[in-house]
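J.: Quick one: the structure is below, and I'll ask about it shortly.
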Amino acid sequence: MLNEINISATQFRKLVTLYSIGSTIIVVPAAITADAHQDAWITALFGVASGIGLVLLFTSLGKMFPTLTLMEMNEKILGKLFGKIVSAVFVLSNLFISSQVLYYVGNFLTTQILPYTPLTAIHIAFMGVVIVGVRLGIEVIARSAEILFPWFVGLFGLLILSMIPQIKIEHIQPVFEIHPKAFIRAVLTFLSMSSLTYTILLMIFPSHTPDTKKATQSFYIGNIAGGLVMVTLILLGILVLGPYYSQITMFPSYELGRRIDVGNFLQGIEVVIAILWFITLFFKLCIYFYATLLGFANVFHIKDYKLFSFPVALIMITLSLIVYPSVSYQKDWDTKTWIPYSLVVGILYPLFL
């Protein structure tokens, strides 16, 4: 049944682009600006270039087993027992990461837009949409990405054009002042939130993409496109807000929307940024949720992954409320724990296979 699920190379490219932006659009700008200051956009560029090598790793692994998902590769390569164990660990880690992505949605809404709305209600509402999408299938999610992608591009273009009058070139000067250690740390932070998480896409590529050659090209293009969107946002944040304000602001890209002022007429349209975030976060969470359900179905030998959708969603919502006790804990986790974890899952794990 799963082998009959097919998405086109174009749809896959748009999925990769939106996925790579995902929660990166929330976490990365302030995090790498804190390390690299006015050179943060340069480290992001290096991150995009490094991501090409990671895509090569993932596509090479996928092409070795073009009809298998990552869970099936585990059993094929590692044996049935050890493969099941590795798959179970991977699925549980995906469940945890999914709850983190859901946390970012609630944290943003409760601090910036809906301060009096219960966090649980926000998580249930957003997760409800994700459940509907995933139960309809990855093909429907891919078609949704195809429909919403032009809107994303249009809103992103509007943001760039609206910010041009407020750009101050002196904010990125002097260039290349960053210390080598800070440079490496900033690049790793960028990669940990984008390309190093592409392991999850092996649940879709190439088993659900029949034209492997075109899908491989789409993988590369999607990675580069998503990365360049992030580079642009980081650069805009520095040019408009300045490096200091970009690193102390929790959501610098959202702050850009607040700064929009074109002729004292077009003002305060930060909702543009919010819509961009919701689109990318929706698809990232859909992919994680789909992969988690598919993983559970594989581990327990159940044909229909949809049977797990409601109980797993309930667990995710519960975890999202406790995964980060505070914002300071979240920042500490993202810098000290997440980066080593992403290196293991994004490099060592596929190399081991």
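Heads up, the Cβ atoms here are built off N, Cα and C, so glycines get one too.
Just so you know, TrEMBL annotations are computer predictions that nobody has curated.
The transmembrane segment feature in TrEMBL is assigned to 12-34, 40-61, 81-104, 116-136, 148-167, 182-206, 218-245, 265-293, 305-325.
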J.: Most CB pairs under 8 Å with the transmembrane segment (265-293): which of 12-34, 40-61, 116-136, 182-206, 305-325?
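T.: If we count Cβ pairs closer than 8 Å to the transmembrane segment (265-293), 12-34 scores highest.
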J.: For the transmembrane segment (12-34) against the transmembrane segment (116-136), do we get 3 or more Cβ-Cβ pairs below 8 Å once near-sequence pairs (under 6 apart) are dropped?
T.: no
J.: When you look at the transmembrane segment (218-245) alongside the transmembrane segment (81-104), do they share 3+ Cβ pairs under 8 Å, ignoring any pair fewer than 6 residues apart in sequence?
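T.: Contact criterion not met.
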J.: Any contact between the transmembrane segment (305-325) and the transmembrane segment (182-206)? By contact I mean 3+ C-beta pairs closer than 8 Å, pairs at least 6 apart along the chain.
T.: no
J.: Near the transmembrane segment (218-245), which residues from the same chain, at least 6 beyond its ends, have a CB less than 8 A from one of its CBs?
T.: 9-10, 12-21, 24-25, 28-29, 32-33, 37-38, 40-41, 44-45, 47-48, 51-52, 55, 58-59, 156, 159-160, 163, 166-169, 171-172, 190, 194-195, 198, 201, 205, 209, 252-253, 255-256, 259
